[in-house]
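Report on one structure; see the data block that follows.
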Amino acid sequence: MTFFMNSEIMIGAKLLEVIYIIIGLITIYTGVKNGRDEENPSRMGTAIFWCSLGIVIAFGRWIPPMFNGVLIITMTIPSIMQKVKIGKQNPPTQEESKAAFDKIGMKIFIPALAIGICAIIFAVFTTMGALVGVGAGILVSTILLMMFSSNNTPQVFLKDSERLLSSVGPLSMLPMLLASLGAVFAAAGVGQVIASIVGNIIPQGNVNVGIIVYALGMMLFTMIMGNAFAAITVMTVGIGAPFVLAYGADPVVIGMLALTSGYCGTLCTPMAANFNIVPVAMLDMKDRMGVIKNQVIPALILITFQITYMIMFK
Amino acid sequence: MELIKLLGILIVIIGFALKKDSILIILCAAIVTALVGGLGITGLLNTLGTSFVANRAMAIFILIMFVTGTLERNGLKDAAASLIEKIKGASPGKVIGAYGIMRGIFGAFNVSFGGVAGFVRPIIMPMAAGSIEAKGEKVNEDHLDEIKGMASGMENIAWFFCQVLFVGGAGGLLVQSTLASLGYHVELIDLVKVEIPVAIVAVSVAIVYYYLKDKKLCKKYYSKDRKEEETA
């Protein structure tokens, strides 16, 4: 409680902490519901995963880092052993959503867009930050949905969020885990080692060459790994920071465009199976590379555009 | 012997390339890097715990899911379908282009209609095929395959490059935290601003490319389009 009572801490930080507690509770609910669900083939593993994730998200601030670390390792175990499963679900039927559309109509776009609009408003006009804005948007959206239809009870929202979270499964912790891996790399001094190797190949101090290597490296690494999120942690520590940012280039332009340069790689690789191979099966296409072939030319145009953009606005 | 510190990176590259379990790869890479980098197990647990808690912002998507499922239940996809069905005088290229614009705009607000499985297959494909049949032609199979490829391409390009316009999206959050661990502080809204030109160019390039490609294919496969060309 001292955290919330402390008048020196900004209201934005306090509200953000409230948001984390809500997120954590939704996650813990997912764990408890599946733990009690007799249709779930792996109740124990599923419950351990979601409950420990929920505890770290909701209460991590007050738990010693060491113990958080132990909880994180704990949640990876059922996930690696494939023991996090989906239980009984109640997805909306076509009739149900059609009937709701007939009743609500195009107004449904208002709660859908409210989240993004609130995020922008909070980011631009307040000091509380975009994420508190997302939270406010969710509140607005929930209230509107409840006004639109009396079927939308709190139970419905909670069960629907559990359904989506369960379908994403353990991969929902991936972004946080990747960011932590980046921190481990940084703490172990991995960046300096790569920098000293690459420094022998590309001339130190030429920022433009650095940008080209960084952007093409992002594209290439993403093609190999099939995942731009994994590529950016490695590439930024090894090349982006020592060869581009260290010479005063704008981290906003360079860092962000590096990620979307990576997306150009995602468009060109069968390793990104979710986007490029699964649709082939879903649409029953004859050519296994049919999606990728239609993406190569736009990807090449976009990487060229982005490198030029980075060089001009660094 | 400094090179041994790169072992973790090697594990990440090879692990992802071999399609091993993502969480297993990251955990192995973190453990190996911590051991060879002199952090030890205590250092690893401390760094992992501190950094994971510092990056809880990335879990914001769980909060967004609180309404996503219920929006779907209340007819969001049906509304999107009736919106796109409003375009008249369509050709496959135009249907794909219109979808790209819609997908991009809503993507910037983190609103999704179900991707290839939920929207392209049940709504976009029948509309594209229908636009050919409306001209009294039978849909050519090779052309249909290309339409499928282009529609999936439009789906991917519009989603990748427009979802980064959502303030609080996973991409921006990861860039912010990666830069923070290197000592650079950036704001989410600024990261979004620099992506606006990229998103516009990405969607435009895809629309023009698929429109021209489809026009060429229509001429190749259907007699009426050929005749129009001759009289023109």
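Including glycine, each Cβ sits where the backbone N, Cα and C put it.
Heads up, TrEMBL stuff is auto-annotated, nobody curated it.
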Correct range for transmembrane segment (source TrEMBL, candidates A:69-91, A:253-275): A:253-275
Of the residue ranges A:44-60, A:214-230, the one that TrEMBL records as transmembrane segment: A:44-60
Cβ-Cβ under 8 Å with the transmembrane segment (A:171-195): same-chain residues at least 6 beyond its ends: 53, 72, 75-76, 79, 165, 229-230, 233-234, 236-239, 241-243
Same-chain residues near the transmembrane segment (A:131-150), Cβ under 8 Å, at least 6 residues beyond its ends: 12, 15-16, 18-19, 22, 100, 103-104, 107-108, 110-112, 114-123, 157
